[in-house]
Amino acid sequence: DAPKATESRGDSDGPRRGSLCDRHCTTINNVQGDLSDLGCHLHRPRVPAAMSPPSCCQQHSEEVCESCVVKTTLTAENVVEANKLSNNYKFGFKKWKSHVTARPWEDRSEIVKELYSDLNVIRGSGGSTVTCGNVLYLLLFGWWLSFLYVLVAAMMFITVVGAPYGRLCWDLAGYFLWPFGKVIQKVEVPKSHRALGACEAGAEASGAGESSALLGGPVPRRWRPWCWADGRHWQRAGAVVWLCLGYPMLVLAHGLVCVTAWLLVVLIPVAKLNARTATRVLLLPPEQVVVRRLRMTDVPLEGEVILCCYHAVNPYYYKYAVDGINVFAVNLLPLVLVTLVLGYVDSHNRLTSSPVKFTLALLSIMPLSYYIGMAIASISAQSNFAVGAVVNATFGSITELTFYITALIKGSREGNRCYAEIVKSALTGTLVGCVLFVPGLCMVIGGIRHQEQRFNSRSAGVSSALLFLSVGGVFAPTLFSKVYGKLVCGECHNVTQNPLGHYLCHNCHFDLMENNGTLYYSHVQPLVYTVSLLLPAAYLIGLFFTLKTHTHIYDIHISGCHMPGHHHSAVVHWSRWRALVILLLSTLCMSACADLATEHISPILTNSTISQYFIGVTVLAMVPELPEIVNGIQFALQNNLSLSIEIGNCIAVQVCMLQIPILVLFTIFYPTNFTLVFSDLHVYASMFSVVLMNYIFMDGKCDYFQGTVLVMVYFILLAVYFFAPSPSGC
C-alpha cells in the first residue's frame, strides 16, 4: 500500500497534483467525525515538488490516491474530541454520538448561529413574511392567543386601575396574531425625568414630533417612559390587579404554546417567543413596552429590542442541542418518566393496557441509549486509553444485554421457553438488520445526493472476516446438533395408509436430551463454552491487529484544524463525574424499562396472531438501534459512508463476539432456558446476509442500487419471518 516512487513532474505540476490528491483523499475517506457544523479539513502545506515526498497520485490514471482508498483519516477540533474519536474508532464500538465539547461560536455556520439566537436581532430585508410556516402558526396558536389577549384587555379596562395593562394587552393581541416583521422594544426611563411630577414637563418638551423612521409614526403619549418611576411601579394598585388577574392566565397560555412548540422541534422559534414573553415582556411596566412594525429604513432603534421574529418554522432545528444533548433526546426524556410512573404505579392496568405499556417501555429505550452513549463518549474522551477501554467494554452493549437478561430471568421464573426464543430472534434480527438494513439504507439515502460513494475496503474487510468467524462460531453448536441430534416429531400421519409409505409429521425438532441429556451435557454444552471463550479472544486479536501490527490500514491521524487566530481550549459539556452519574442513572432506568417491557410482552405473545419470530426480529431487535441508524444516515448524507458501514459492522460483531458469550456466561451462574442452538431459519438468514454483504463490499465503492438490493433482501427475510410459524413452546 505504500506510494510508488515516481519522477518529479516539475515545480508547477507538483503542488497542483498534490492538492488534487488531498481533495480526492478527503472525498474518499470522509471519516472526520461529525462534520455537520465542523467545516474543518486536514490541511497539508504546499511545498515544491523537489522537496516533497513522491505523491501517490502520480502513478494513478484517474489521479485518485490508491493508499487513500485503504486508509481512514480522523480529524478533530481539539484534544478531547480527538481522544473520543480515537477511542471509539479503535475499539470499534458503535457509540458515534455528537460532540462532547462546546464548539467555538466563530467556527459555526450562520444557520447554526441562528438556531441559538434570542430573537432580538433585527436583520435586513428577508423577503415576505407570508410563508407556510407563519400561516401554520396563525392556525395553531395565533388566533386564540390574540383572542385571549383581547379578553384580558377588556378585563383590565373594567378594573380601571389596570387600564395601562389593558392597553398593553390590546397591542400584544395584534402582535401575537401575526408577530412576524414586528418588534417589541423596551424604552429606558431617562434619569432627568424620574420624578412623577415631571411627566407633563417631559411631554411638552418632547412634543408631537418625536418619531422613529424605523418604527414608524410618532410615539404615543401613553408610552412616554418618564411617567412612572421604576422603583415605585410595583407598589401601584394596577400592578397588583395585573399580577392577580391578567398575568396568570397569559402565563398558562404561553406555557402551553411553549411546550407544544418545543415538542414539535421545528416550531422552537415560537417556543422561544412565548417563553421570552412570559418571563420578560409581561413583567415590564407597560409604559416601557413598545410594539411596532418594522419598516424598510436604516435608522437604528432607540432602546433595547426584546423580541423580533421573522419565521415561525425552521427545519434546521433538528441540529439544536441543549448542553450537548440533541433536542430529540431532550423531548423524549419525559417519556421515560411517564413510562416508569405508569408501569409501577398502575400495576393492575387500570389506566392503560399492557400493549401500551410495552410500547412506551420500548420507546423509552431510545433516549436512554442516547444518554448512555453520550456518557460513554464523555468519559472515554476525558480519560486515558485504559479507562476508555474499560468503560466501552463494560457499557458498550448495556442496552441490549439489559433487555435480554431481564427476559431470560422472567422466562426462567415462569418456566416459559418462549422468552429464550424471543431473545434468539432479537439477536438474529440485530445481526441481520445491521448487516443488511443499516448499510443498505445508508447507501440508498447517501446515493440520492452522491452518485458513487467510496469507503475503506481494507477496514471493511477486517470487519467482514470477523463477521464470518463470529457467525461460524455462534452457529457451530447448532450445526453440531443437526448432525448428531435425534429428530423428534410431535405427531405424524400416514399419508398412503401403508406402514412402509410416507408420513406427514409436525412440530419436529432435534432432541438433545436423549438418554438423560448425554449428547447435550457431554458434547454440545462443552462446545458452547469453548465457542464462548474463542469468540471474545478473536475479538481481542482483531483489536490487536488494528491497534498494533496493522495500524497503517486505518491510518488514524488526529489533527487539530483551527483557522488562524481561533485557538481555544476544549470546554466539555459533561465532566467525568457528571457523565458517570448520568451513565449510572440511565442504566438503572434502562433496567426498569426492560423489566416493564418483558413484564407486559406476555399478552402480546399470547394473543397476537403474528409470529413471535417476527416480533423479536423487528421490534425488539431494531428499536434500540434507531439512534445508531440515524447516525449512519447522517454520515451517509455527508458522504462519510465508511462510518455508516462501521456502525452496522460493529453492532453485528458485538452481537456475536460479546453479547452472546456474555449471555452464555450468565446462564452458568443463573440457569435459564437459553441454549446456543438456533432454528434453521436463523442460521440460513444470518449466513446468507453475511455472504451478501461481503459480496457488495468487495470493491470498496457502492451506489444507491446496491443499497436497494440489501434493503430488499432484508424485507424479503422479514416477510419470511412474518409468515413463519411460531417456535415450539410459544
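In case you wondered, yes, glycine gets a Cβ from its N, Cα and C as well.
TrEMBL annotations: computationally assigned, not manually curated.
Some features that TrEMBL has for this protein:
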type	residues	note
DOMAIN	132-182	domain 'Inner membrane component'
TRANSMEM	135-158	transmembrane segment
TRANSMEM	240-268	transmembrane segment
TRANSMEM	325-346	transmembrane segment
DOMAIN	356-475	domain 'Sodium/calcium exchanger membrane region'
TRANSMEM	358-379	transmembrane segment
TRANSMEM	385-405	transmembrane segment
TRANSMEM	426-448	transmembrane segment
TRANSMEM	460-480	transmembrane segment
TRANSMEM	527-547	transmembrane segment
TRANSMEM	577-597	transmembrane segment
DOMAIN	579-721	domain 'Sodium/calcium exchanger membrane region'
TRANSMEM	643-669	transmembrane segment
TRANSMEM	681-698	transmembrane segment
TRANSMEM	704-724	transmembrane segment
Intrachain residues whose Cβ lies under 8 Å of the transmembrane segment (704-724), provided they are six or more past its termini: 425, 432-433, 436-437, 439-444, 446-448, 610-611, 613-614, 617-618, 681, 685, 689, 692-693, 696
DSSP helix/strand/coil residue counts for the domain 'Sodium/calcium exchanger membrane region' (356-475): 104 helix, 2 strand, 14 coil
Counting Cβ pairs under 8 Å that are 6 or more apart in sequence, does the total for the transmembrane segment (681-698) and the transmembrane segment (135-158) reach three or more? no
Which bits of the chain, at least 6 residues beyond where the transmembrane segment (460-480) starts or stops, bring a Cβ under 8 A of a Cβ in it? 92, 431, 435, 523-524, 527-528, 531, 534-535, 538-539, 542, 545-546, 553, 642, 645-646, 649-650, 652-653, 656-657, 660, 675-678, 683, 686-687, 690, 693-694, 697, 700
